Amino acid sequence: MDIIENKFYFLLTYGCQMNESDSERYAGQLESLGYRRTEDMDMADVVLLNTCCVRETAEGKILGKIGELKHVKQHNPNLIIAVTGCMAQEWQDRLFERAPHIDLVIGTHNIHKLVELIRERQAKSGHYLEADMTVPAFHDLPTKRFQKFFAWVPIMNGCNKFCTYCIVPYVRGREVSRPIADIVREIEEIAKEGYKEITLLGQNVNSYGLDLKDGTDFSALLQAVDRIDGIERVRYMTSHPKDMTFAMIDAIADSKKVVNHMHLPIQSGSDELLKKMNRGYTVDQYMELVEYARKRIPDLVLTTDIIVGFPGETEEMFCQTLDLLKRVQYDMAYTFIYSPRTGTPAAKMDHQIPQEEKSRRLQRLMDVQNVYSLQLNQAMEHKEYEVIVEGPTKNDENHWFGRTTGNKMIIWEHDGSAAVGDTVKVAVDKGQTWVLKGHLIH
Ligand code: SAH
Ligand code: SF4
Ligand code: F3S
């Protein structure tokens, strides 16, 4: 492969961890061509935006960034602008119409096409689109991992659930699992490189393996990964309540390394709305899972996703969601205002909720949740936790942070004694709503 001297790429990732992981495969290809990463857009020879379209707000932000790039390209006409990921898959050549300064649009199954398209674009200016979803989702590609001790490991791509509000199945395609041997091999390799913590990624990890039809499932994968030497912690994202089983909870509980954090999105506390969302479970069925998980996994840290303002959500249904928060007492809830996505069934449903009402409900929901987030974090005060050091916080070089196995972020005053990647003990002094403050124990 020809190596290019002093060429730089600027990469921005939007959306979920799947996109973070895909970005590492884009970066791997760029680095294999000799490009180096820059944080300065004006220095870049290639700008790559790896995009998300799950909500309108995400798209709006990305369109804003694409607008900014027009000026960058005016100063540097040789700049290659690539838009990739879910929004690229959804918009395809409409992106060129909207912003002719974009050079490449690459869909979710076509990550491996980057090098070829850059070459074509270098040979001849023009618009290049690759968004074929019939090709395999996984390709053996060089990976440039952005972190040193934490690694994303995709175990599957796509989603078969078709929740009525969600665009993901349309832009990521059907569920495809990676063979267990490939996943284990990748983790064994990164364990040798010194990685300590991995996160198994999929839109619905609980249905892992079902398409392979060889008897493998998520429990078997967890058991295989648990045996890999060198790895200290195994995380997994995201679980779906319909496919989560007691056997999987047992596999988590009986493992040595799978963490005590479970992200189990409920979306709504109303059975009627869950049905309209096509989620495939009731609140009672969900609660059975929560109770079993809390019985089997000591100190379980439970988090969730909730949507407010889904079409037809009445005040009474919304109050059922508030009641559910009180009943479950999550450590944290990621809360979203329902965003109609063209092409999804919910966008055409009657009784869309006005924006102001959606915003009011979001605020009420957060007010209730924040009480529990604070209480549960305060309950950690004066106790000791093991964290893996991640480094300085964003705003303050003198304060460093790490995460517990339960994924709680603890910040302490840095005294030079702990290095990034060390596993250390921290005592919690103060629990706040979003974060904990503590000190290192020597
Ligand atoms: N596969 C995961 C979620 C992926 S999307 C799961 O099913 O749990 C992440 C979250 O975004 C979802 O859990 C949902 O809460 C939210 N979301 C998805 N589509 C949305 C939409 N149209 N409007 C608002 N929130 C949405
Ligand atoms: Fe979207 Fe539902 Fe699939 Fe999650 S399970 S990605 S919310 S369709
Ligand atoms: Fe967004 Fe695609 Fe993830 S739509 S949430 S980046 S799967």
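Including glycine, each Cβ sits where the backbone N, Cα and C put it.
Taking a C-beta cut-off of under 8 Å and a sequence gap of six or more, Cys86 ([4Fe-4S] cluster 1 binding site) has these contacts in its own chain: Gly15, Asn19, Thr51, Cys52, Cys53, Val54, Thr108, Ile167, Val168, Val171, Arg172. As annotated by TrEMBL, [4Fe-4S] cluster 1 binding site applies to Cys16, Cys52, Cys86.
Under the heading [4Fe-4S] cluster 2 binding site, TrEMBL lists Cys159, Cys163, Cys166. DSSP assigns Cys166 ([4Fe-4S] cluster 2 binding site) to coil in the three-state reduction, placing it in neither a helix nor a strand.
Residues annotated as domain 'MTTase N-terminal' in TrEMBL: 7-123. Summarised as a single figure, the pLDDT of the domain 'MTTase N-terminal' (7-123) averages 97.
Positions annotated as domain 'Radical SAM core' by TrEMBL: 145-375.
TrEMBL lists 378-442 with the feature domain 'TRAM'.
When DSSP labels each residue, the domain 'MTTase N-terminal' (7-123) comes out as 63 helix, 25 strand, 29 coil, counted as helix, strand and coil in that order.
Helix, strand and coil residue tallies for the domain 'TRAM' (378-442), in that order: 1 helix, 33 strand, 31 coil [DSSP]. Spatially close to Cys166 ([4Fe-4S] cluster 2 binding site) yet at least six residues away along the chain are Val54, Cys159, Arg341, Thr344, judged by Cβ distances under 8 angstroms.
Cys16 ([4Fe-4S] cluster 1 binding site) sits 17 Å from Cys163 ([4Fe-4S] cluster 2 binding site), taking the CA atoms of both as reference points. Under 6 Å, Cβ to nearest atom of ligand 3: this is the test, and of the binding-site residues Cys159, Cys163, Cys166 it is passed by none. Within the set of binding-site residues Cys16, Cys52, Cys86, Cys163, Cys163 have a CB atom less than 6 Å from some atom of ligand 2. Under a cutoff of 8 A between CB atoms, and with a sequence separation of 6+ in the same chain, the neighbours of Cys163 ([4Fe-4S] cluster 2 binding site) are Gln267, Met277, Asn278, Arg279.
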